[in-house]
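Trainee: According to TrEMBL, the feature transmembrane segment maps to 48-67. Annotation source TrEMBL lists domain 'Plastocyanin-like' at 78-192, 205-339, 420-557.
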Amino acid sequence: MEMRRCSVTTHHSSLRVNAFDACSCRHGFPAYKPTPSSSSLPRPTLRMMRLVCGVLAFLAAAFVAGADDPYRFLTWTVTYGPIYPLGVQQQGILINGQFPGPRLDCVTNDNIVVDVINKLDEPLLLTWNGIKQRKNSWQDGVLGTNCPIPPNGNFTYKFQTKDQIGGFTYFPSTGMQRAAGGFGSLNVYQRPQIPVPYAKPAGDFSLLVGDWYRASHKALQKALDSGSPLPFPDDLLINGQKYTAFAGDQGKTYLFRISNVGMTTSINFRIQGHQMKLVEVEGSHTLQNIYDSLDIHVGQSLSVLVTLDQAPKDYYIVASTRFTRKVLTAAAVLHYSNSNSPVSGPIPGGPAYGLHWSMKQARTFRWNLTASAARPNPQGSYHYGKITRSRSIVLANSAAVIGGKQRYAINGVSFVVPGTPLKLADNFNIAGVFTWDSLPIPPAGGSPVLSTPVVRFNLHDFVEIIFQNTENTMQTWHLDGYDFWVVGYGSGKWTERLRRRYNLADAVTRHTVQVYPNGWSAILVSLDNQGMWNLRSAMWARQYLGQQFYIRVWTPEKSYANEYDMPPNALRCGKAVGLR
C-alpha cells in the first residue's frame, strides 16, 4: 500500500501543522484507496494504519483549526508570595512571581498551550474571561467543566483565540482566590490580513482596575461560608498598585485597555485634560465616540485611544468607585516624555450624575458595522434583529437567606457546586450530580432553595435573556463561551412591550452586561457553541454563594464540527475518578 507521509513541523516559538497530504481528510478521517499490494497486508494492520492516519488528521484539523495557525507555549507556576498593594505586606497569589500575572499577548486564531503548575496549598483553576473556547468548553477553567488542579499538580490548557480581537482577562475561578491576585491581561491582536478600524497606535497599555481587601482570600471565604456578606472593600488599585505611571510621546496616540477586575464595585475611568475615543468593547469594535469619562462595571473591559495633545507635563489617570457612599480612588500618572512638570492640583473628580447618566452612556456604545475584523455571524447573517427567537427567559437575582446564612439566587435557586464537574457527569452519564431544567423560568416565587440546575438548549437556538434586578444595587452578569448583543437597558420591571425599545440594528456585543438597580437588561445570543457553559454573576462573592447556573448547548449529531472530544489530559475527580 502506498501512503504519503503525514508531517508535523515544530519550532521553538511556534508549532505549525502542515496540511495532511497522506490523510486527505473527509469528515476528519483519511481517504483510503487500496492498491494491488495492499491485499498482502493483514486486515488488522490495515485497520491500524487507517486509525493512525485518522487520529493524526483529526489532531491537525480539529485542534489546530487551520494549518498555519501558530502555537504559543507557556509555563505558569502559581505560588503564594508577599505583595504590598496598600503599603503593608499581604500574601498574594503570583504567577511566575508576578502580581498581577503576566500579560498574555497573542494573535487571533493562535493556539495557546499553558501548563499551569499549582504550588498553592489549595486547588486551583484559571478561567479565560471572554475567550469563547469554540467547541471546547473542556478548557473553560470553571468548576462546572473542570476538576481543579490539586496542590503540587499541573494541568495544561489548550485553546484557540478563534476569530477574536480585543482586550480580555484571566483569573483564578476557585473559591475566593481572585481576591488575592492571580489575574492578568489577555490581549488578542489582529492578523496582518485583518485590518482594524483605526491607525496603529504608538503603543498600548493594559490597566487592570479593581477594588481590594486587606483581608486574605481565605479570611474572606471563611466569612462567606459562615453566612456573612462580603464587606465593603478597603481600596482601589490600578495594576495592583495605588500609584503607577504610563509614559508616552507628545503628539502620539496610545491605546489604553481598561478592565474592571474587582470583586464588587463599578468604576469610572478618566484621564486629566484628555479625551478618550472608544474603539473596542470586549472584542467588538464600536462607533468611535468621544468621552471625558467612562463607567466600567465588574468583569467588563474596553479600549480607548488617547492622543497626547496637551502641554508637556504629567497628568492624572484616575479610577474611582461608582454608586458607593464612600468613594474609593486610585490614581496613576500619564507622563509626557518631554515633561518637566509633575502632576499638580487635586485629583479630578468623577461625574456628578448617577445611574441615569450611566445608563444613557451605556446606550451610546454601538457596534461598528463597517469594521472588517472578527465578529459574531449567527446563522449566516449580521442582521441579528431579524432572527426569530427560539426562546425567551427571565432571570431575576436575589439576596436569599437559606438556613440562616447569606446566599444569592437566580429565580429562587442558589447554585451548589458539586464534587463532580457537570461536564464530566454529562460526558460519562453519571447520575445524581445535577438536575435538568430545575431552574424555574419564569421566576416562580416561594422560598429560595439550594440546587444544581443545568438548563438545556439546542445548538443554534437564538435566545432572548432578560436580567431582572430586584435589588437596589448594581449587578453584572457574564456568560462563558459566547458574546451577546446587549439590546436594551431600563428601569423597573421588564414587560414584553419594552421590546419596542430594543436596539435591533447596531447593539454592541460583549460577554458581560450590567443591570442597574431595580432595573433590567436584555440580551440576544446565538447559541452556536456546543458545550457546558457557566452563566454567573461577575460579582465574585455572589457567584461563590450561588448566583450562577450552567447551560448545556447540545445536538444529538456527533461531529467534531460541533464539539471536540474530552481532552486526554482532563483531570478526574468526584464520581468521575477512574473513568475512561
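Here the Cβ of each residue, glycine as well, is placed from N, Cα and C on the backbone.
Remember, it's a predicted structure, so these values are computed and weren't measured experimentally.
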Trainee: Per DSSP, what is the helix/strand/coil residue tally across the domain 'Plastocyanin-like' (205-339)?
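Mentor: Split by secondary structure, the domain 'Plastocyanin-like' (205-339) comes out as 9 helix, 68 strand, 58 coil.
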Trainee: Over the domain 'Plastocyanin-like' (78-192), what is the model's mean pLDDT?
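Mentor: Residues in the domain 'Plastocyanin-like' (78-192) carry a mean pLDDT of 97 in this prediction.
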Trainee: Per DSSP, how many helix, strand and coil residues does the domain 'Plastocyanin-like' (420-557) have?
Mentor: 18 helix, 63 strand, 57 coil
